[in-house]
Amino acid sequence: MGVGIALQITGIVQGVGFRPHVFRLAHELGLGGSIRNDAEGVFIRLKGSQYKLDAFIASLRASPPPLARIDAFEILADDGLDLDENHFVIEQSKAGGDAQVLVSPDKSMCAECLKDIQTPADRHYLYPFTNCTNCGPRYTLINALPYDRKHTSMAHFAMCPECEAEYKSPLDRRYHAQPVSCPRCGPGLRLTRPDGSLISSDNLECLTECARLIKDGAIFAIKGLGGFHLVCDATNEAAVNRLRVRKQRPAKPLAVMVKDVDMAKSLALGSEEEWQLLESRERPIVVLKKSKALIEASSHNDSSHNSPQHYPGSKRTLAADAVAPGIDRIGLFLPYTPLHALLLDKIDRPIVATSANRSGEPIIIDITDITAKLSTVVDYILDHNRPIVSGCDDSVVQYCAGQLQVLRMARGYAPMALHVQHALPKQLMAVGPQQKNTLGFGLGHNLFLSPHIGDLFSIEAEDYFVRTLQSFKRLYDVSPTRVIADSHPDYAPSRFARDYVARDYVDSADTLEAHETATGVQARELITVQHHFAHVLSVMAVNNTTGPVLGFSFDGTGLGDDGSLWGGEVMLCTATDYKRLGGLMPFALPGGDKASHEPWRLVISLLHDRVSAETLSSLGCLSHLSPAALGNHIKVAARSHVLKSSSMGRLFDAVAALLGLCNHIQFEGQAGMLLEAAAARANANSVNPNEAHTNTFSTSTVSTSTVSTNTASTIADSTARAHANKDQVTQRLFAALLSSEADACLENGLENGLENGLENGLESGVEIDLDTDLETGVSKNLMHWNGAALMNAILHELMELPPGNTDAAEFASARDILAAAFIDTIALAIADTAKRFPELPIVLTGGVFQSRTLANVSYEKLINAGHTVLPWGEVPVNDGGIALGQLWYGAHIFV
Ligand SMILES: [Zn+2]
Ligand SMILES: [Zn+2]
């Protein structure tokens, strides 16, 4: 006689093959009962002998289906009187209750489906929309929950008998795979001209023609999973340049899709971890180091003079300089749908595949927008008739500081759900920042983060923001009453948030409670969070900590709580409060927004009161200014009311301009990338002398030739010299960066104050009351990093190069060493600050940490000094993480 139990399981458990998995497990063990999806997740009832029940639970916990994530596993009493011990059934879904169901992100094609489309005997042979329970679209085609076919954009495709049989068989891999289809019953391709007029609607003909035309140099818009890509042959320099001209995108790097890892390895250098990321289930765009030959090709305008990089199966070469000009990185990704796999198979070359949109607008998901907006950009369109409900860009990631770093969180990673221990009493909505916007929602035990929405500088982008917000509210059936926004009042999401709460707004907390009690309706309330605090909070959320932590929050600019623009902040943070310990000293941003596109303006700002106008006029980055114009710019920079900022991002821009690397910024982050490329060159030429000597040793043991040994040690000597040189330069720059701190400490008696603060509890790291301990113990202005003095020191290093030296190579090498030394200096400043708070976990966050060199060097110094550095998880360090930080604040304020 069997016993009964019930299991309530929550997490990502719908649309991931959970029910058939449980069916098969119950089948194998000989248990009876039932399973159904409900609004909480899945509900399982079981009847059988105790040891079988134990085996079932152990197995399900230890190995759930590959795409599932179990957040809570509750075992409930169930008399099981109505259950048949020999019969297990899958029941129909039930709607209702508080939605706790998580929408799974879209998943890349699985190995079995790839095999199906490559097997001539399989009925999915060469079918571009093949998928199964373990792969395929999810978020991008769901209209409503629960996740059933009738709630997806596949609703209007009637299944053929064979598909239906697989869909209904619990033992089949396609059991309840909602988008399941085949050539007989599913979506199909359409090849059209830019005006939408039809060329072919035969799947195979569309694929063959598309591949042929791309190889001939055509530019395509191709509809994929979460939107359209603009595509062309990445080995055809003329085609890539034509795409750039038509798209008016002169310099921003373009992502390249490669057929397989072998093709990727012919274009880029990577570690084992990086190749694993490339092949991971999420199939993101991975930013990798260009192969040596590609870097050499990129550093010359005419790549034909350089040793070309061939890849298997072709004698053609990547148009490296057109794809990613001037930088040493390239973004590569693998095919992630059957459509992409079939195309890449036929093209057999790397292709440019960049999101199709008009500059500043969201990714296009429907052919009508391609014909309306991009008909002059593309030569052909490869469309299909499976509608995309919600757009979703490709994710972009890199590997640094010993971990994954997500630069754009979208397909594969988002929507993201973080489980929280205590249920949230109110429904929360975080509207995110102005740039790289994402949205966050909090309800029950979950914090949700939307995929990348983007920069909100156009009507279309703001519409996309509102549409995404509405679709999340609909999907999760949520109507949040507690809204969290950035403290910048002019950000589009902040304006939206004010309008949202104004519809039912009560201004004080007391009247709010009274209002709610009286009307039975929850009023809406808005709070704001400082931008750089939110950056730190997002990492705290990922690590499920309420602090205190020591945060280094470095980015472009965000509104500070004193009304000025911040961006290079050192902050002590808990989940509900922060203290700004200091950071970069503010400097003028002459010309306001113009300064972020023309970094030479920052050079004037930082140097004008330290060096003469004559010296300034001798700088390459200011050579375009007449003496009169330079004089005017100096006057503007010296004005007392000019906009000021402590932005670390702008300091990076200024250093890049001073070093002659970048005088006009064409896309965000460009100066940082060029600095990093220069630093990478310097670091490659100045490896650690200990490593260099080890190399010498191994070379000499392999070779019996004394000549070779001598050569090797000469090289080792010169690299050791270069390394020592870089370290000396770094020490001088670091002294300059801290030059004002000694004065400030003396003035404020800080040395004593700091000691007291540490004794009063800071060192113990527990029970820190930010208000009292910090006010009494540590001055609010603990760190004074002097960016102007640092710039001046760099200028002096440049001017001390041998006079009359016209050797461009030598100048370039000195400049590269300065770039590396500058980044090392910032890392040193971080480590030096962290030393004062040995007990506190460290958070490195903000867009500036997308510099791999800065992230790597800072991380290494901190870890070597015994600090704990909190990992980023899958949440971006740039503004893509702000909404999660806002949610984390809301989750601890609205209790
Ligand atoms: Zn599959
Ligand atoms: Zn079918």
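Including glycine, each Cβ sits where the backbone N, Cα and C put it.
Under DSSP, residues within the domain 'Acylphosphatase-like' (4-92) fall into helix, strand and coil as 25 helix, 36 strand, 28 coil. Among the features that TrEMBL reports, domain 'Acylphosphatase-like' is placed at 4-92.
For ARG19 (active site), other Cβ atoms within 10 Å of its Cβ number 25. For ARG19 (among others), the entry in TrEMBL reads active site.
The Cβ neighbour count for ASN37 (active site), using a 10 Å radius and every protein chain shown, is 25. The active site annotation in TrEMBL covers ASN37 (among others).
Look at TrEMBL and you will find 204-412 tagged as domain 'YrdC-like'.
A gap of 8 Å separates the Cα atoms of ARG19 (active site) and ASN37 (active site). Averaged across the domain 'YrdC-like' (204-412), pLDDT for the predicted model comes to 90.
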